[in-house]
Amino acid sequence: MDGADRKRSNCTKPNSTAREAMVKDGNNKRDPVPERVTLKKEIGLLSACAIIIGNIIGSGIFISPKGVLEHSGSVGLALIMWVLGGGIAALGSLCYAELGVTIPKSGGDYSYVTEIFGGLVGFLLLWSAVLIMYPTTLAVIALTFSSYVLQPVFPDCLPPYTATRALSTTCLLFLTWVNCSSVRWATRIQDIFTVGKLLALGLIITVGLVQICKGHYDSLTPQAAFDFWKTPSVGQVALAFLQASFAFSGWNFLNYVTEEVVEPRRNLPRAIYISIPLVTFVYTFTNIAYFTAMSPEELLSSNAVAVTFGEKLLGMFSSIMPISVALSTFGGINGYLFTSSRLCFSGAREGHLPSLLAMIHFKQCTPIPALLVCCAATIVILCIGETQTLINYVSFINYLSYGVTIAGLLFFRWKKPQLHRPIKVNLIVPVLYLIFWAFLLVFSMYSEPVVCGIGLIIILTGVPVYFLGVHWKKKPKCLDSFIESATYVGQKLCFVVFPQIDPMQDEAMPKNTKL
């Protein structure tokens, strides 16, 4: 895990390895190499909104309603949990908007925590994210995609284990190829499928409003909505919120690709301000629509809420729902691959992962090694087959990282009060978030001590890895030679080089911010 000293290249021309790797066309002429081999700024405001919305709206809105209702004990409290989930995501996103324009680096939470708290804390967050958090989430979304695609083929039973894994793997490999080939292709897929999933949820909401106009809202009247069939404990309410928060996960993903956003100081906060309220509105009214077609008992007994909704209200057009879910999850896989690969790229650039992962294709300017690692890790999780168990660990680790990052915002303000901050949120915003975060964390640990304990163990396994792989500088020469040889082979196979730093971008970076 070396390469920290080589993470930045200030050369103005591609190196000899890149020149030798240039591909010849049919006339034996070399294809032109970009003037500057660096990540391209191709994410405008529309694509930025699509990344946030597309990453949030994946499989969660089609999976989580059952869990939220089960732990809430009533329709009314379940709807409150959905609104609260959006509100807390909005508070967190405001804090991330300040961090994103103050520390304008790709990598999101990891980059901010590394800048503020130092290498060990940043590495632990990176370790848990690369090891389990993002591969598991990707695996869950991919399995949801394959299950809905195969449902028409196996209408009376669950699709075979092998078939779902094979289709999930095929989808992952295809989207990895797309992301390796072009940033523009990846963002266009994200734009198109985000519009598609919003249209699908818009259809559900419209049908639900029609049902309300017809008087089918028995479960939504105040008396019925707060008729608890069980009295939820504080721990159960916390678990209900965790289920809702799983559906909102991804609200911070634009911060992972800050360096590829056009005018990030303007478009990053704008995209956040547009996307989070829109998703909260869509989620809340989608759940209201579900309750116009199903009683709480029917929703709890359904394994595919959107499909059951379509079968009850759309008649011959009910097949639209499984297709819509498949399209939604397809776009979600693309978004997670795009953003999680940038996390690996940022980690390698800081010297916390093998230096090969900090390289990009000399012509397409895409982080191919990082994308391949994300794809491979997800396929391993798919083969394990215990993704549902891992979701609980993912939710806990996710929330832990959010709290540490926003606590870092307060610490950063205290240590660097004079640092220029283009956006500076009111102090009440991070304080409110952290109060709620602490409350949720305490009751989650009380209700699910085993899950939280294993989550902490997963994080702490990164401590020896950090000291052996990163902190230990004087490694044996044979190990250094092996790493260099492996890096060289990887470069030749993937046609990748270290990116060059844009001087304008380098000037915009905060200087000497590590504490």
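Keep in mind that glycine also has a Cβ here, set from the backbone N, Cα and C atoms.
What TrEMBL says about this one:
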- 21-31: compositional bias 'Basic and acidic residues' (COMPBIAS)
- 1-31: region 'Disordered' (REGION)
- 43-63: transmembrane segment (TRANSMEM)
- 75-96: transmembrane segment (TRANSMEM)
- 117-146: transmembrane segment (TRANSMEM)
- 166-186: transmembrane segment (TRANSMEM)
- 198-217: transmembrane segment (TRANSMEM)
- 237-258: transmembrane segment (TRANSMEM)
- 270-293: transmembrane segment (TRANSMEM)
- 313-339: transmembrane segment (TRANSMEM)
- 368-387: transmembrane segment (TRANSMEM)
- 393-413: transmembrane segment (TRANSMEM)
- 425-447: transmembrane segment (TRANSMEM)
- 453-472: transmembrane segment (TRANSMEM)
Seminar exercise, completed: Quick tally over 270-293, 393-413, 425-447, 453-472 of CB pairs under 8 Å to the transmembrane segment (75-96) gives the top stretch as 270-293
Seminar exercise, completed: Here the stretch out of 166-186, 313-339, 368-387, 453-472 with the most C-beta pairs under 8 Å to the transmembrane segment (237-258) is 313-339
For this session: Tell me, please, if the transmembrane segment (453-472) and the transmembrane segment (166-186) are in contact, taking contact as 3+ Cβ pairs under 8 Å between residues separated by 6 or more positions?
Result: no
Exercise. Apart from its near flanks, which chain residues at least 6 from the ends of the transmembrane segment (43-63) lie with a Cβ under 8 angstroms of it?
Worked result: 140-141, 144-145, 187, 190-191, 193-195, 197-198, 201, 246-251, 253-254, 257, 260-262, 267-268, 270-272, 274-276, 278-279, 282-283, 286, 304-306, 325, 328-329, 331-336, 338-339
Exercise. With pairs closer than 6 in sequence left out, are the transmembrane segment (313-339) and the transmembrane segment (117-146) joined by 3 or more CB pairs under 8 Å?
Worked result: yes
Exercise. At least three Cβ pairs under 8 Å linking the transmembrane segment (166-186) and the transmembrane segment (368-387), pairs spaced 6 or more in sequence?
Worked result: yes
Problem set entry | Contacting positions for the transmembrane segment (368-387) when only residues 6+ beyond its ends and CB under 8 Å are counted | 130-132, 134-136, 138-140, 142-143, 161, 165, 168-169, 172-173, 176, 179-180, 337, 340-342, 344-345, 348, 356-357, 359-361, 490, 494-496
Exercise. Do any residues of this chain, six or more beyond the ends of the transmembrane segment (393-413), have a C-beta under 8 angstroms from a C-beta of it, and if so which?
Worked result: 92, 95-96, 98-99, 102, 109, 112-113, 115-117, 121, 125, 128-129, 132-133, 136-137, 242, 245-246, 249, 252, 419, 427, 430-431, 433-434, 437-438, 440-441, 444, 448, 451-452, 454-455, 458-459
